[in-house]
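Comments concern the structure below.
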Amino acid sequence: MSTQKYTLPPLPYAYDALEPVISSQIMTLHHQKHHQTYITNLNAALEAQSTALSTQNISALISLQQKIKFNGGGHINHSLFWENLAPYNSPSTNIESSAPDLKRAIEAQFGSVEGFIKAFNATLLGIQGSGWGWLVKSNTPEGKLEIVTTKDQDPVSGLVPIFGVDMWEHAYYLQYLNNKAGYVEGIWRVVNWGVAEERFRNGIEGAVKL
Ligand SMILES: [Fe+2]
């Protein structure tokens with residue numbers, strides 16, 4: 001039985017578009033090597049799962065669950081992350097013009113955009129080991145905003161991911177070395193507030209489209 005094969009989505013901008021905040025070298029490796037590896041491993045695990053299902057190999061099915069979770073999560077998280085970023089100095093990086101509704105909600109809940117960014121940065125810098133920081137919206141009618149973290153490649157589940165920040169060392173180390181705070185502070189200059197606004201208003205159909 002053949003299974004669906006996932007493929008690497010193209011970046012919505014050039015590899016050097018985020019400079020000087022994120023180097024072309026990091027973006028190239030991160031996209032072409034790291035993200036591609038999650039997809040390759042996800043496809044292999046799904047193929048093995050298909051075989052295990054057809055042969056009713058329950059122990060193989062159980063052992064494949066973690067691989068599917070890790071690599072599937074890696075594919076989902078990176079696909080969301082690329083869209084969360086926008087070229088340096090592009091109009092989408094302006095929260096005032098690109099995300100009026102989200103800005104109002106952030107101000108209502110966190111007091112100010114600056115207060116929100118301070119809280120988000122503290123959360124990112126508090127992540128131990130590898131993981132992600134997210135601004136999420138609850139699926140309830142009032143759509144409460146919340147800052148959450150996920151470990152390793154665990155995706156956000158049951159909440160709408162407005163935007164996420166990759167806090168694995170591969171996301172910044174070649175450029176920022178141990179200056180994790182420099183990466184965290186810089187990322188706000190390349191946030192795609194237009195995409196964040198769209199997810200805030202309309203959610204993400206079917207959790208995540210891949
Ligand atoms: Fe990553």
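Keep in mind that glycine also has a Cβ here, set from the backbone N, Cα and C atoms.
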Site-mate of His30, Asp166, His170 for Mn(2+) in TrEMBL, selected among His75, His78: His78
Tally of residues which DSSP labels helix, strand or coil - the domain 'Manganese/iron superoxide dismutase C-terminal' (101-199): 48 helix, 22 strand, 29 coil
Cβ neighbours of His170 (Mn(2+) binding site) where a neighbour is any other Cβ within 10 Å: 13
DSSP residue counts for the domain 'Manganese/iron superoxide dismutase N-terminal' (5-86), split into helix, strand and coil: 58 helix, 1 strand, 23 coil
